[in-house]
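Undergrad: Take this structure first; my questions come after.
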Amino acid sequence: MGIPAPRDGGLGLAALYLAFHRDDLGRVCVVRHAEALADRLGEPYGTLILTLSVVVIEVALIGSVMLSGDGGPTLARDTMFAVLMIVLNGLVGLSLLLGALRHGEQSYNFAGASAFLTVLVPLAVFGLALPAYTISNPGDSFSTGQALFFSVVTLALYGVFLSIQTVRHRGFFTEAEEPPLPTPPSQAHYATWAHAFLLLATLLPIVLLSKKMAGFVDHGINAMSLPGALGGVVIATIVLASEGMSAVRAALANRLQRAVNLCLGAALSTIGLTVPAVLLIAVTTGQNVVLGLGAQMQVMLALTLIVCVQTFGTRRTNVLHGAVHLVLFLAYLMLVLEP
């Protein structure tokens, strides 16, 4: 493979820069209004609002590319898996590490983390590992019947989880202990309905511009002759920027439960909502969508889920937990760049 011309490399860098920064103001506004609603409504509703807002951006971005026919068959898989790796390893690791460096050991609500992982583990295997082993349809993808079945099952199980999180066992997702630091000033400056309206108003332009954003990413990756899977990492990073900012800020403020709700909630909603959306679009349009991961990434998925179960089974976290997750994230990036 030849070395790309400097002009192509420069255009690629410019395209990636535009993809990262064209919606910076919108993402900051989304975070501001989502945090204001979190202050008003309390946990877990506040983090749930931000999580669902981010998933709307993700589904809109992937869906718009799929409907236009511009994306490859692995775009959805690469993006969803990148979201899991960035959230479960990158953001969890950074939040735990920075929080522990500032506050020592931190506590969270064990019941809530356990509920997240109880649903996340099987759905992640259903959505990203199982398609590599089915034989009804070639090419690491589900048949039409399998796609419809797993879409319904995934949505149903995610719906049951939401009922647990918001109604039946809401206390699982609140702080296990009151943080010793003073509560930070409220971000809510307007009425609740006004912040909800402004959240939608700032989210809408990001959704409408999502296809162009994906185009910038695709052009940048191709111009610089980078691995195609890196496109999923870039898109996932753009989508998760606002949620990542909130999670790290929560950990630094010694509100680890909110960081846990944000990170594990983002991972679960990605599988619980994006996978069914992708499968239904594929069935409706007749596209072949490859969801099954290759052997290397299946190992990374299994290792990540095992480490998450271990990390969130200790009831208190420290620097070591954060360091392990960050090492897993770096290993994932290495495998993306050099499979």
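Heads up, the Cβ atoms here are built off N, Cα and C, so glycines get one too.
Quick paste of what TrEMBL says about this protein:
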type	residues	note
DOMAIN	29-166	domain 'Sodium/calcium exchanger membrane region'
DOMAIN	196-336	domain 'Sodium/calcium exchanger membrane region'
TRANSMEM	45-67	transmembrane segment
TRANSMEM	79-101	transmembrane segment
TRANSMEM	113-135	transmembrane segment
TRANSMEM	147-167	transmembrane segment
TRANSMEM	188-209	transmembrane segment
TRANSMEM	221-241	transmembrane segment
TRANSMEM	262-283	transmembrane segment
TRANSMEM	289-312	transmembrane segment
TRANSMEM	319-337	transmembrane segment
Undergrad: Can you tell me which recorded stretch out of 45-67, 79-101, 262-283, 289-312, 319-337 has the most Cβ pairs within less than 8 Å of the transmembrane segment (147-167)?
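TA: The stretch with the most contacts is 262-283.
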Undergrad: Determine whether the transmembrane segment (262-283) and the transmembrane segment (113-135) share at least three Cβ pairs under 8 Å, counting only pairs 6 or more apart in sequence.
TA: yes
Undergrad: At a Cβ cut-off of 8 Å, and with pairs 6 or more apart in sequence only, do we get at least 3 pairs between the transmembrane segment (113-135) and the transmembrane segment (79-101), yes or no?
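TA: The answer is yes, given that the two segments have at least 3 Cβ pairs within the 8 Å cut-off.
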Undergrad: In the domain 'Sodium/calcium exchanger membrane region' (196-336), how many residues does DSSP call helix, how many strand, and how many coil?
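TA: Computed counts for the domain 'Sodium/calcium exchanger membrane region' (196-336) are 116 helix, 2 strand, 23 coil.
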Undergrad: Could you count the residues of the domain 'Sodium/calcium exchanger membrane region' (29-166) that DSSP puts in helix, in strand and in coil?
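TA: The domain 'Sodium/calcium exchanger membrane region' (29-166) comes out at 112 helix, 2 strand, 24 coil.
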